[in-house]
Amino acid sequence: MKADLVVGIQWGDEGKGKIVDSMASAYDVVVRYQGGHNAGHTIVVDGKKIALHLIPSGILYADCKNVIGNGVVVNPEALLKEMKQFEALEGRLFVSDKAHMILPYHEMLDQAREKLMEERAIGTTGKGIGPAYSDKISRNGIRMGELRDIPKLVEKIMEYQEAHAYLSDIYGVKLLGREEITERMSDYAKRLLPFIVDTTKLLWDAMDRGQRILLEGAQGSMLDIDHGTYPFVTSSTTTASGACSGTGLAPKHIGEVVGIAKAYCTRVGNGPFPTEDFGSEGNLLREKGKEFGTTTGRPRRCGWFDAIAVRHACRLNGCENLALMKLDVLDGFPEVKVCVAYLYEGKEIDYIPYDCEGVTPVYKSFAGWDHSEGIREFDALPKSAKEYVLEIEKITGARVSIISTGPDRKDTIRR
């Protein structure tokens, strides 16, 4: 039995939560494998909105095990707050003992750096994700399993803070005292240790028993640390390859990869965004799509569907199937557009160059349509909406097998 994977193939906020939620009932285990509480899913069930930042979307199903893998960076405070939304989590939620911990000074450092960088700021959420991953890579990180030995953990944090006292001088970061560290870590241990396990072994055992596993990515492929619009990227591997290192599953155990994309494009924070619309159409997309960050509330930058970027991401991830989200948001536009090429240094190209900032989109226009909201059969879509979907398939080389026509679970077309 192989594990299936859901991955965002734009700049994040594609609607992965709804798709994972709709798929999760067919799986025994749902796993989050990278990122932190900077990412956010909003799921609508029977009209009720549920926001998830760390806990996998399978938590809404009583018989599903939910795993926060070793590739995730965990803010204990954020996790505990999120856990309060649910009851009886023991035996349903598991946190990797190898997942790294976000501490208060990571958040303070993240926010201070962004402020000092001004125009060169990445536009991070300020949640401490980057500094926590930096500590992990420099081998100075704190892992969740270290909550098993509080005295040793407190000494380690104190030593780290002493070695990095310059952070207080340069960035104004407030370092914690021994008493506060001990109190916080003891509280985290008391409340979280029942959930902290070797999740790699848990997943291996589940696979040996023939259980179905669904891997849930956070953010999007165009924010990948290696393949995204560097340096305006996140600090983890958001592409399918991150699912292996972030869980302990081997590449041969990865099955179907489903790419998630909106029917238009959005981006939060700074960085290249070739199809961004600065005028009334971009504003209307934002208004109709309610494009404001789940985590920060910041307005998202909006623009037309970039088929070149999506095809690039499909190839990075090995996506043969796409889920196209929020098609209904395009209802009522007199004309809709798809970017089918870029102009770069006087030439038309069909790939993403090194300097993505320097491209101009080449669009193909389609007549608009009036009503797709709530439609659940492909043949029932307006003619121009079907043509739009088929053009996306043609350029990206991936089949659009799922189309979302509204926020509820039921507002979904499967082909």
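Easy rule for this one: first residue shown is 1, then count along the chain.
For all residues, glycine too, the Cβ spot is worked out from N, Cα and C.
Look at Swiss-Prot and you will find Asp13 tagged as active site, proton acceptor, backed by sequence analysis. Taking the Cβ of Asp13 (active site, proton acceptor) as centre and 10 Å as the limit, one finds 28 other Cβ atoms among all the protein chains shown.
DSSP classifies His41 (active site, proton donor) as strand under the three-state reduction. According to Swiss-Prot, the feature active site, proton donor maps to His41.
The GTP binding site feature in Swiss-Prot is assigned to 12-18, 40-42, Arg300, 326-328, 404-406; the stated evidence is sequence analysis.
Residues or ranges marked as IMP binding site by Swiss-Prot: Asp13, Glu14, Gly15, Lys16, Asn38, Ala39, Gly40, His41, Thr125, Arg139, Gln219, Thr234, Arg298. Using a 10 Å radius centred on the Cβ of Gly15 (GTP binding site) and all shown protein chains, the other Cβ atoms total 22.
Its own atom aside, the Cβ of Gly40 (IMP binding site) has 19 Cβ atoms within 10 angstroms in the protein chains shown. Residues or ranges marked as Mg(2+) binding site by Swiss-Prot on the basis of sequence analysis: Asp13, Gly40.
Under DSSP, Thr296 (substrate binding site) is assigned to coil, being neither helix nor strand in the three-state scheme. Taken from Swiss-Prot, the feature substrate binding site applies to Thr294, Thr295, Thr296, Gly297, Arg298, Pro299, Arg300.
Look at the recorded positions Lys18, His41, Arg298, Arg300 and count other Cβ atoms within 10 Å of each Cβ; Arg298 has the fewest. For the binding-site residues listed here (Gly12, Gly297, Pro299), the lowest count of other CB atoms within 10 A around the CB belongs to Gly297. Largest Cα to Cα distance within the recorded IMP binders Asp13, Glu14, Gly15, Lys16, Asn38, Ala39, Gly40, His41, Thr125, Arg139, Gln219, Thr234, Arg298: about 34 Å as a whole number. Between the alpha carbons (Cα) of Gly40 (IMP binding site) and Asp13 (active site, proton acceptor) lies a span of roughly 8 Å. The Cα of Leu327 (GTP binding site) lies closest to that of Asp13, out of the recorded positions Asp13, His41, Thr125, Gly297. Ranking the binding-site residues Asn38, Gln219, Pro299, Arg300, Thr405 by the distance of their Cα atoms from the Cα of Asp13 (active site, proton acceptor) places Gln219 first. Checked against His41 (active site, proton donor), the binding-site residues Gly15, Thr125, Gln219, Gly297, Pro299 differ in C-alpha distance, with Gly15 being the nearest.
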